[in-house]
Amino acid sequence: MPVLTDAESETGIPKSLSNEPPSETMEEIEHTCPQPRLTLTAPAPFADESSCQCQAPHEKLTIAQARLGTPVDRPVRVYADGIFDLFHSGHARALMQAKTLFPNSYLLVGVCSDDLTHKFKGFTVMNEAERYEALRHCRYVDEVIRDAPWTLTPEFLEKHKIDFVAHDDIPYSSAGSDDVYKHIKEAGMFVPTQRTEGISTSDIITRIVRDYDVYARRNLQRGYTAKELNVSFINEKKYRFQNQVDKMKEKVKNVEERSKEFVNRVEEKSHDLIQKWEEKSREFIGNFLELFGPDGAWKQMFQERSSRMLQALSPKQSPVSSPTRSRSPSRSPSPTFSWLPIKTSPPSSPKAASASISSMSEGDEDEK
């Protein structure tokens, strides 16, 4: 901690940032502090490119004053810092909370460099340039401070005219301190935010390490070399073999799915065919019964034809009494013959019977 001067309090925070009420000098000189971004058509600027050149004295605000609202030309300057490796939704939600702490706030975000991060925390997935650029494109950020200090000093707070520091309230032990934000809390400049459960950079890295083989195989399949993935020769062959096995499994799975679809289609068609066959068979049986049943048309037609055949084979006899014809007077009456019955005695023997029959035939011939 640097040696305190008369302009600094016992906590190391400048007296201009202490809890004293703001003086009237705030109204005498007009503020020219950068305003919060209203349009999001460009990324947030870096602090070294557009630093606050306001000449008005930056008097300390209390949390109550900041929540009531400040003049438009005097936004509340809120600072949030971090590593922001593998920028995710948890980071964005923390910055959203810092941005919306007060009605009129200007959010500055400090990002630590690779040297500080590797020294006090560990290796990062993204380098510092990538992390800076990720923060610039967050909608809640008004300004990005590159190479931010690990521990906030009074000089840094004074340089950037920071009113409050936003961070989660969990003590952050690092660099030989139980809580690097302890002196900020004592000065009344700390505003807590809430962490998002279930998401963090460490969780994402844990997922990657847990499923390392899957990601290594996927990237080998996409064209990355074993050298780029830092994979040994044996593991490379193993991963490629596993990729081939997975391809064969996928093909077999596709064939099974297609065969199931084909079987389902065949079952549906067979079911339709069976239904149609049943309908046709019922129709055929009904038609057959109508034609050949007990009261069918075929029986009636057969009876009619059989009656016709019987009539043709055995015609009806002519009537016994025929109507008498009237005799015309011009014609002479035909001679009438009286047939007298001739009494004949029965033959005494067959020879006599045959002789009588022959005599009768001779008599007929004589008449002719």
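Note: Cβ is positioned from N, Cα and C throughout, glycine not excepted.
Automatic, uncurated: that is what TrEMBL annotation is.
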Residues flagged as region 'Disordered' in TrEMBL, choosing from 1-28, 225-252: 1-28
Summarise the model's confidence over the domain 'Cytidyltransferase-like' (79-207) as a mean pLDDT value. 93
Could you break down the residues of the domain 'Cytidyltransferase-like' (79-207) into DSSP helix, strand and coil, giving a count for each? 45 helix, 26 strand, 58 coil
